[in-house]
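Peer 1: Pasting a structure below so you can have a look.
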Amino acid sequence: MRELPHVLGIVLAGGEGKRLYPLTADRAKPAVPFGGAYRLIDFVLSNLVNARYLRICVLTQYKSHSLDRHISQNWRLSGLAGEYITPVPAQQRLGPRWYTGSADAIYQSLNLIYDEDPDYIIIFGADHVYRMDPEQMMQFHIESGAGATVAGIRVPRSEASAFGCIDADESGRIREFIEKPADPPGTPDDPEQTFVSMGNYIFTTKVLIDAIRADADDDHSDHDMGGDIIPRLVADGMAAVYDFKNNEVPGATERDHGYWRDVGTLDAFYDAHMDLVSVHPVFNLYNKRWPIRGESENLAPAKFVNGGSAQESVVGAGSIISAASVRNSVLSSNVVVDDGAIVEGSVLMPGVRIGRGAVVRHAILDKNVVVGPGEMVGVDLDKDRERFAISAGGVVAVGKGVWI
């Protein structure tokens, strides 16, 4: 029987998420609710746990209370075999300063690595929507002999200029890591596609420690994993790209194989929700062989009364739709839509109340928003613009606890 390598998972969850405002006004970006029953961090944690990586440190910083609480309440492991998922707030172990970048977060947390003494370290971001089996990426990393492996997703070359792009040879070795190039490189097998970094990395431990320490001594560095650490290792010939297309998740459909979304803007966050609602969704939440674990509240089932209906929609537990119409929408837990109300193409987070005869279209309503009887959101954008955030794509975003 092959001895399993000793692996430590580190999840970078300190992001402020300014482009998701107002959803990040009171919480860290990884704590933003998603998909009716989850928070963004649940996707990366589910991927790691499903692959049996059960020693995980979640590095937090910005407005982390709800994130810390979510992890402690919903991600308890047994601990009997040294298993843990633990949030680690910025400790200021090296002086009175916060993290200045993702690489600095690792530098200030080197004690976690020394304590665990792993063979390999998985460093993943906390704010993407996807399924992935990290064990397959780990096997690629070990077999390639690289010191660092970057998960790369293929995008059309014509769209790649907005991302960090990877130029690799046929073996997967990275020749150059280029941030937002005007002329993106093609992949070795397709000149019309480009490898884009997913922000997920695997390192051989000594390679990471040496690179992190060298970066910390560099006064000209921004101390960023993608912007500084990976280019440093690329220059030394030590980095490889893992093709996400080759990742085979148990139970994945042909439609959602290779699905990955960066939901860092309101429009991207909205579009990712719309990927969930069709009969055959672009991203399937119902894969029992690779489950996404989320909130574990003990809630009653959703209820539809007085002819209330929901079509092409996701409706969370505890929600009640009474003589109302819901279409192409995602409703989280404990949402109430009252008589005669219409909700179309919208995302309603936990505890939202839609009053009698109200209309909500093309909108994101954060927790505990109340839309009064007869009120309208997303119908008159000029009026909405005076009081709410509106994305470039015309999505109206209403912050937590607002009464309309």
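Glycine too: its Cβ is placed from the backbone N, Cα and C atoms.
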Peer 1: Given Swiss-Prot annotates TYR99, GLU179, LYS180, SER197 as alpha-D-glucose 1-phosphate-binding, which of GLY79, GLY82, GLY164 belongs to that site as well?
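Peer 2: Answer per Swiss-Prot: GLY164.
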Peer 1: Near GLY164 (alpha-D-glucose 1-phosphate binding site), which residues of its own chain have a C-beta under 8 A away, given they sit six or more steps off in sequence?
Peer 2: PHE177, ILE178, GLU179, LYS180, VAL196, SER197, GLY226, GLY227
Peer 1: Taking the residues TYR99, GLY164, GLU179, LYS180, SER197 listed for alpha-D-glucose 1-phosphate, what is the greatest CA to CA distance in Å, to the nearest whole number?
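Peer 2: Site span for alpha-D-glucose 1-phosphate, by Cα atoms: 24 Å.
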